[in-house]
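**Student:** This is the structure, below, for whatever I ask next.
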Amino acid sequence: MRILVDENIPLADEFFGELGDITRLPGRDIDAAAVREQDLLVVRSITRVDAALLEGSRVRFVGTCTIGTDHVDLDYLREAGIGFANAPGCNADSVVDYVLSSLLLLAEEDGFHLAGKTIGIVGVGNVGSRLAERLDDLDVECLLCDPPRAEAEGREDFLSLDALLERAEIVCLHTPLVTEGEHATRHLLDASRIDALAPGTVLINAGRGACVDNQALRERLQRANDLRVVLDVWENEPGIDPALYDLVDIATPHIAGHSIDGKMRGTELVYQAAMRQFGLPARKKLGQLKPDPWLRKIVLTPWAPPLEALSLCTRACYDVRRDMLAFDRYRRRMGMATGFDAYRAEYPLRREFSTLRVELKQNKGGLRDALEGFGFKVKLSSK
């Protein structure tokens, strides 16, 4: 069997090596000529998978190591009889880590506490639901909006988008990109909704770039500059709007879900689906292959100030400022589009909060709840 894999997918050799010969290519270099003689294709979101790519090829199975599938023509795959799998939820915890690191940075810069804030989560799927679960331990009020789920499940606790935007001090977008239909999400935040945001609102988009009208957001910021904005996803990636880039508070190149833990989970999920497709046993397990984190434990004394302790643990695992500064260096050296892709391709090793164990000598000031809310493993010690 011949297997073509995006070069940035971790553990591909370990999981798929037993199946046959593996070829690795950059995601944007995977074209019709490259896939023609392949049996199995494993990609990320930067590779468009459709008839133009696969027509006339030997490909029998396509896996994308991502949650989203908007880069894949699912109708074509069904019609062509080509098996398919994505990796739902694989990097959800990584995205939540990104959001919490960003919120902590803004809270420190602006001098506010997350406790007592009203946070609106738009899109309550794998990412949004996990973000809500973690925030539950932080004494914040979570407002939830997910019209498809509200309709399917009869959820009366879900708000309409406009009701959420009217009340939320912090708005987090975690929706898929849906371009048509009753629940279309393209430009979900359009010019009218962006203009209606209260001054001082924090807007975080770590879902899909086109869910926010980037031009309208740029115009609001140019006109008033009265929002705090975190963008990890953008319209027209990688050729994003440089004027908008200059105006937002935290700008990163679609890396919120790029923890090595999330990537490895994605590889495992696609491997398992491929084994089912070809009627083979899935012998490899992620637990056998995952590397140990370089930082295993932090010990905090009873005198640790809660906010400083939370900040220390968060930044020990993941400091969003690292990505902000590194992306800025890349885009200044290479240009926006090339730098965007290059940083994603060369992204440094990052572990999730759950890989770090925090040992507390005393649960002072609700620190344990805050740390567990952020996703750390916490142990109380009497020693």
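Note that Cβ sites are derived from N, Cα and C of the backbone, with glycine treated the same way.
Just lifted these from Swiss-Prot, have a look:
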- ARG208: active site (ACT_SITE)
- GLU237: active site (ACT_SITE)
- HIS254: active site, proton donor (ACT_SITE)
- SER45, THR66: substrate binding site (BINDING)
- ASP146, THR175, ASP232, GLY257: NAD(+) binding site (BINDING)
**Student:** Among the recorded positions listed here, ASP146, ASP232, GLU237, whose Cβ has the fewest other Cβ atoms inside 10 Å?
**Tutor:** GLU237
**Student:** Between the Cα atoms of GLY257 (NAD(+) binding site) and SER45 (substrate binding site), find the distance and write it as a whole number of Å.
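**Tutor:** Each residue's Cα considered, GLY257 (NAD(+) binding site) and SER45 (substrate binding site) end up 12 Å apart.
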**Student:** Relative to the Cα of THR175 (NAD(+) binding site), which of the recorded positions SER45, THR66, ARG208, GLU237, HIS254 have a Cα no more than 10 Å away?
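**Tutor:** Within 10 Å Cα-Cα: ARG208.
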**Student:** Please report the distance from the Cα of THR66 (substrate binding site) to the Cα of HIS254 (active site, proton donor), rounded to the nearest angstrom.
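**Tutor:** For THR66 (substrate binding site) versus HIS254 (active site, proton donor), the Cα atoms are 12 Å apart.
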**Student:** Cα within 10 Å of GLU237 (active site): which of the recorded positions SER45, ASP146, HIS254 qualify?
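**Tutor:** So the list is HIS254.
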**Student:** 10 Å Cβ neighbour count around THR66 (substrate binding site)?
**Tutor:** 23
**Student:** Within 10 Å of the residue listed as 'active site, proton donor' by C-alpha distance: pick out those among the recorded positions ASP146, ARG208, ASP232, and say none if nothing qualifies.
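**Tutor:** Neighbours among recorded positions, in sequence order: ARG208, ASP232.
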**Student:** Round to the nearest Å and give the CA-to-CA distance linking ARG208 (active site) with ASP146 (NAD(+) binding site).
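**Tutor:** Between the Cα atoms of ARG208 (active site) and ASP146 (NAD(+) binding site), the distance comes to 15 Å.
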